[in-house]
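Visitor: What follows is a single structure, and I will ask about it in a moment.
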Amino acid sequence: MAASTGYVRLWAAARCWVLRRPLLAVTGGRVPSASGSWLRRGCRACDMSAPWGGRVLPGGVQWRGLWDSGNRGGSDETSEGGAEDGATASTGEGPVVTALAPMTVPDVFPHLPLIAITRNPVFPRFIKIVEVKNKKLVELLRRKVRLAQPYVGVFLKRDDNNESDVVESLDEIYHTGTFAQIHEMQDLGDKLRMIVTGHRRIHISRQLEVEPEGLEPEAEKQKSRRKLKRGKKEVEDELGPKPQLEMVTEAATDTSKEVLMVEVENVAHEDFQVTEEVKALTAEIVKTIRDIIALNPLYRESVLQMMQAGQRVVDNPIYLSDMGAALTGAESHELQDVLEETNILKRLYKALSLLKKEFELSKLQQRLGREVEEKIKQTHRKYLLQEQLKIIKKELGLEKDDKDAIEEKFRERLRELVVPKHVMDVVDEELSKLALLDNHSSEFNVTRNYLDWLTSIPWGRQSDENLDLARAQAVLEEDHYGMEDVKKRVLEFIAVSQLRGSTQGKILCFHGPPGVGKTSIARSIARALGREYFRFSVGGMTDVAEIKGHRRTYVGAMPGKIIQCLKKTKTENPLVLIDEVDKIGRGYQGDPSSALLELLDPEQNANFLDHYLDVPVDLSKVLFICTANVIDTIPEPLRDRMEMINVSGYVAQEKLAIAERYLVPQARTLCGLDESKAQLSAAVLTLLIKQYCRESGVRNLQKQVEKVLRKAAYKIVSGEAQTVQVTPENLQDFVGKPVFTVERMYEVTPPGVVMGLAWTAMGGSTLFVETSLRRPQPSGSKEDKDGSLEVTGQLGDVMKESARIAYTYARAFLMEQDPENDFLVTSHIHLHVPEGATPKDGPSAGCTIVTALLSLALGQPVLQNLAMTGEVSLTGKVLPVGGIKEKTIAAKRAGVTCIILPAENRKDYSDLAPFITEGLEVHFVEHYRDIFPIAFPRREHREALAVER
């Protein structure tokens, strides 16, 4: 608003300048002192240079105006064309700023360029800065200024998000706007920046189309004809020069064209009388404005200048209503509503309503600011009082310094512990350093955290162990069924500790298929031994710092998992479970499996060195238990440090016992059921195991049991039944269609097909080997006598080598048994192992492949319900294989009655439980010659009969 007052002064000074311009001829071109001082005050108010000085403002902006024509002493033509001359002259670089001389605003000016603005309309007597970027509109405004027609129509757009300077249709703007005069125009090349002042309200009548610029010379000719008509009243005429109208025509019917010119008409106010109601409204508006000024200092300067500009605003209700609306931050449509209102009384009411809203908003802002300030004061006061209280207590000896309190806390932790001397030396050194550090330094926090970890380790503190064999055995039997090897090893550990009179650490590794209870048995062992339990998984771990910690200098450094374990368990002899040790990763941060070597080495972990603590820690009393699915992926040095215990899968009888003893009661408790509401018989569980859960573990069986009981709970809650009886007949209603409907692929094996036994991480399974002719056998031709063997079924390299060895031995064995049979020598044979999507590898199918090739060559099927496993050498020797328990379980599950195993696996078979080997005929062989009569008993019988004859 200060700029507004400046422009008013400048306008008055310019009028005086125009009136006294003829005196320049008398004074010799000197500016009269009165006019000069007036102009200087006006220019200073607008931050402009005096027009006669010709000075260039900072930034290369030069002010030029219509007043230059007066100094040139031109006639009427010169006066009207001065703006054009001033706009085209250039005496400096940078954007050209044209300050237009104030002139008498015409009462009627129907044809105006249209400028569309957003958010806030321009009210009469108010100034606004407008930027125009549209190329056509920029050219039009330049032309109007050159023709001494610095008038525009400013209209508000209906859409506040539309940032365009022009509109394509009159429907996009409100039709009531403001007739404005351009006071100053800064030409920036691609855009214009103007200061416009509103004068009166106007209404759009229609759209006009702008004629090309070539028609301007006609207007110039008309202007020159008026050159001789100048008389004594030339000074008065110059106060209000008659604007030169640019030729326009009515706009075409094409509505997509940009609206640049419009025809307007003035909006007249309704007649009104200054009644008591009007006086009351004006007084209330003035009072509200003053209240807003008192609350919000931002309005103070601008509003006071507007209200004290040499006139009483109260006496002008029209101006007061516009000023009240313009001061508010109301919505654009509300301000436009005030602009369009022609009834002065209603306009005053609307302006007062907007001012009241602004006043309430200002009060709310002031209240919020006061509350925030009050909170800040209270916090600051509380802080000062606390600091004073600390100083007073310290002076009276009632409270120690923060550093003294921290040191006492750390020493209190170590008072009842047996701390090694080298550790105590480090603690004393760090405490001495802590006392010299500033409380707010970063090194202070690092040292304090280090001491916190160092004093949180249970130096010399051990938990009381349970050395009662009977109690430990009862705990293990209570939690897990089977797993005799694991239980025996734990009881042996307790027995040794009892005889020694002290406990020791040990490193065990349980390996076996998923879901057999490797992780859960570790918790039971901790409970049986009376040790604290801590578990962390190393599956996918790639950072050595997870095990050995970070260096203390790093931001956010922490010790490794083992030190965290000691702090959490508060004992030196916990049971630590390192899960999924076979799935440990390796990354650019190091190899965690190598970091475990020090941790799991009984000779080294008595002085385990964590990177963060950097002092030796005794881990020799920790019982480490690792779990793995396969041991092949465990590095050999790490495997050598652990005692491997195989946790094999379960047979159907074991699964049934586990389900009845553990899984079903646990699932009933989770589902909120008891035995009377949901009953699962042994027949249902057996069918569930046989047709849905054939894997080695019981995790899937647990899921299926929970699924059955959840559906039973739903039926009871929904009111379908009071009790649910699950039977083999309705089992499919609970768990869906059976997953396994066939025990094995071939009920009767044809010639060329033999059942083998395989072992995977999921347990054992049966594996058929199929052989067939690839092309017809040649007859009579001596060419192409050498046969071939093609293998498929996604076999690994080891299994492919085993197939080639078996093929070579089968040809030799057949020529030995039947020299006249050259089937394997001349035939092209295809060998396939079904389930081709499953990768297969290993040498244990050698005997099975030899038998399948001989069966195809002899055209005789093998003994039904026969399965075999074993690696065969090139000379026919049968070598031992692994996974005997899993393979035996798989064979019994498939209904096999006769099994052929390598002789060296007799010890593994003898360790099996009687219920696994029950009903099986087992043959242990050392050479393939021992397998042939077992697999082909009929042939041996026929040969024996032939010998007898």
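In case you wondered, yes, glycine gets a Cβ from its N, Cα and C as well.
Quick paste of what Swiss-Prot says about this protein:
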- Ser844: active site (ACT_SITE)
- Lys887: active site (ACT_SITE)
- Gly512, Pro513, Pro514, Gly515, Val516, Gly517, Lys518, Thr519: ATP binding site (BINDING)
- 223-232: compositional bias 'Basic residues' (COMPBIAS)
- 112-359: domain 'Lon N-terminal' (DOMAIN)
- 748-938: domain 'Lon proteolytic' (DOMAIN)
- 68-94: region 'Disordered' (REGION)
- 213-240: region 'Disordered' (REGION)
- 1-65: transit peptide (TRANSIT)
Visitor: Including all protein chains displayed, how many Cβ atoms other than that of Pro513 (ATP binding site) lie within 10 Å of its Cβ?
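Guide: I count 23 other Cβ atoms within 10 Å of it.
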Visitor: How many other Cβ atoms are found within 10 Å of the Cβ atom of Lys518 (ATP binding site), counting all protein chains shown?
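Guide: Result for Lys518 (ATP binding site): 26 neighbouring Cβ atoms inside 10 Å.
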Visitor: Give the helix, strand or coil assignment DSSP yields for Gly515 (ATP binding site).
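Guide: It is coil.
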Visitor: By a simple count, how many Cβ atoms lie within 10 Å of the Cβ of Gly512 (ATP binding site), its own Cβ left out?
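Guide: Around Gly512 (ATP binding site), other Cβ atoms within 10 Å: 25.
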Visitor: Under 8 Å between C-beta atoms and at least six apart in sequence, can you list the same-chain neighbours of Gly517 (ATP binding site), or say none if there are none?
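Guide: Residues satisfying the criterion: His480, Met483, Val647, Gly697, Val698.
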Visitor: Please report the distance from the Cα of Ser844 (active site) to the Cα of Thr519 (ATP binding site), rounded to the nearest angstrom.
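Guide: If we compare the Cα positions of Ser844 (active site) and Thr519 (ATP binding site), the gap is 30 Å.
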Visitor: Using DSSP, would you call Lys887 (active site) helix, strand or coil?
Guide: helix
Visitor: Given a separation of at least six residues and a C-beta threshold under 8 Å, show me what packs close to Val516 (ATP binding site) in the same chain.
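Guide: Long-range Cβ contacts: Met483, Val647, Ser648, Gly649, Tyr650, Ser696, Gly697, Val698.
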Visitor: Between the binding-site residues Pro513, Pro514, Gly515, Lys518, Thr519, which lies closest to Lys887 (active site), Cα to Cα?
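Guide: Checked the binding-site residues Pro513, Pro514, Gly515, Lys518, Thr519; minimum Cα distance to Lys887 (active site) goes to Pro513.
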Visitor: With DSSP assignments reduced to helix, strand and coil, which class does Ser844 (active site) get?
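Guide: The three-state answer is coil.
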Visitor: Please give me the CB contact count at 10 A for Ser844 (active site), counting all chains in the structure.
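Guide: A count of 27.
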Visitor: Judged by the number of other CB atoms within 10 angstroms, which among Pro514, Gly515 is the least packed of the binding-site residues?
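Guide: Result for the binding-site residues Pro514, Gly515: minimum number of other Cβ atoms within 10 Å at Pro514.
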